[in-house]
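Colleague: Attaching a single structure in structure tokens format; questions to follow.
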Amino acid sequence: MYVVVSDNMSFEDSMAVSAVAFEKTCFIERSSESNDMEYSKEGETQIKFSKEVKCEMVDFDSLPDYLKDNEFILGYYRCEWPLKETILSIFSIHNETLNIWTHLIGFLIFLSLTVFTAMMIPKDAPFPSMQHPGELENAMPALISWHLPELLVNCLPKRFSYASNVTDPCVLTSVKDDVTSIISPLLMKPVTRWPFFAFLCGAMFCLLTSSICHLILCHSERMAFIMLRLDYVGIAALIVTSFYPLVYYSFMCQPFYCHLYMGFITTFGVATISVSLVPVFQTAEFRSVRAGLFFCMGVSGLLPIMHKLIAFHHRPEVILSAGYELLMGTFYGLGVVVYATRIPERWMPGRFDIIGHSHQLFHVLVIAGAYTHYLAGLVYLKWRDFEGC
Ligand SMILES: [Zn+2]
């Protein structure tokens with residue numbers, strides 16, 4: 001590390017100037033040695049320090065107002081450290097360490113799930129025009145229709161024929177179903193994956209921006225301003241893209257409702273992000289408006305879920321996916337309650353500064369909620385891959 005010192009300044013003065021430059025809570029641990037000195041053309045002395053900058057953590061009471069968020073976490077705060085030290089603090093212990101790592105690990109989990117999902121897409125069919133099993137019936141009516149039992153009668157050994165009077169027609173119907181289930185996948189084209197990948201990208205974006213936000217927000221007030229907005233955008237992106245698999249795969253055969261719900265949530269998401277980014281809405285009086293917008297955006301997911309249940313209540317995939325969505329809502333709801341009530345640290349202030357405070361629990365619950373939504377997405381893919389419209 002290099003510090004520029006003018007010839008007419010004492011070393012003590014230069015150290016004082018340097019201390020200001022290195023922010024309030026950081027200092028240079030060891031002074032320079034004579035053989036580390038270098039001289040520039042302008043007559044200035046450049047002193048090379050062999051030690052890195054050391055930064056200290058501070059208590060809640062020492063924080064500037066913009067970093068005061070949770071009065072029940074008393075210590076282990078990083079405060080206005082230089083950017084390099086702030087970034088490197090990802091490997092040290094402070095009250096944000098687990099907030100950073102929970103969502104960073106969550107990001108890596110969803111990255112792995114994305115790769116896994118991309119690899120498990122079935123190969124396109126040799127007959128790309130056949131997108132749905134229903135088309136199979138049009139193409140091969142004798143195979144799929146109720147004529148098949150008669151067809152099979154002609155091929156099967158005599159003891160299975162109607163003439164022998166021993167074969168239950170149900171057996172032949174069952175054989176027809178088996179043949180259909182074998183042939184149909186061969187002629188199917190898998191349903192489009194983009195809504196599912198949009199959700200996975202939204203989840204990865206949210207988790208990564210959250211992790212970065214927790215890492216470098218404490219660097220400066222300007223950085224906090226930027227990072228909080230990025231965090232809002234990430235949350236909105238996760239909520240909006242979570243709708244896409246649900247709405248698209250449920251209503252892909254009813255374009256009106258599909259476009260209606262997709263358009264609604266996308267518009268809602270863009271509006272929420274805009275409100276979060278415009279400075280006039282950043283004042284304290286709009287805090288409840290911002291929170292209300294995010295809440296309404298999440299809760300509006302109930303509408304397509306109820307609609308789906310009414311329209312397709314006979315489909316086991318719809319019941320199963322709704323079960324996952326209920327579980328997801330429970331995880332997210334629990335997360336919001338923990339986040340808002342600041343449990344457990346409010347019961348024992350200072351006890352959970354490093355491990356176990358509400359924001360860490362909130363992060364874990366968000367990952368659990370997003371993962372159950374991923375499982376619901378797999379159910380949708382299986383349903384639409386096999387049945388189409
Ligand atoms: Zn967070």
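Cβ coordinates come from backbone N, Cα and C, glycine included.
Predicted automatically and left uncurated, TrEMBL annotations should be read as such.
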Colleague: TrEMBL records HIS359, HIS363 as Zn(2+)-binding residues. Which of HIS94, HIS214 is assigned to the same site?
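Modeller: Of HIS94, HIS214, HIS214 joins HIS359, HIS363 in the Zn(2+) site that TrEMBL records.
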Colleague: Can you see whether the transmembrane segment (230-248) and the transmembrane segment (361-381) are touching - at least 3 CB pairs under 8 angstroms, only pairs 6 or more apart in sequence?
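Modeller: Result for the transmembrane segment (230-248) with the transmembrane segment (361-381) is yes.
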Colleague: Neighbourhood of the Zn(2+) site (HIS214, HIS359, HIS363): other residues with Cβ within 8 Å of the Cβ centroid, in order?
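Modeller: Those within range, site residues removed, are GLU96, LEU98, ASN99, ILE100, THR102, HIS103, SER210, GLN360, PHE362.
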Colleague: Quick one: find which recorded stretch in 194-218, 260-281, 293-312, 361-381 has the most Cβ pairs under 8 Å with the transmembrane segment (318-340).
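Modeller: The stretch with the most contacts is 361-381.
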Colleague: Please indicate, using numbers and ranges, the residues of the same chain that are 6 or more beyond the transmembrane segment (361-381) and have a C-beta under 8 Å from a C-beta there.
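Modeller: Those are 98-99, 102-103, 106, 109-110, 113, 117, 190-191, 193, 196, 199-200, 203, 207, 210, 238, 242, 245-246, 249-250, 317, 320-321, 324-325, 327-329, 331-332, 334-336, 338-339, in sequence order.
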Colleague: Which Cβ among the binding-site residues (HIS214, HIS359, HIS363) has the fewest C-beta neighbours inside 10 Å?
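Modeller: With the binding-site residues HIS214, HIS359, HIS363, fewest surrounding Cβ atoms within 10 Å: HIS359.
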Colleague: So, in DSSP terms, is HIS363 (Zn(2+) binding site) helix, strand, or coil?
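Modeller: DSSP call for HIS363 (Zn(2+) binding site): helix.
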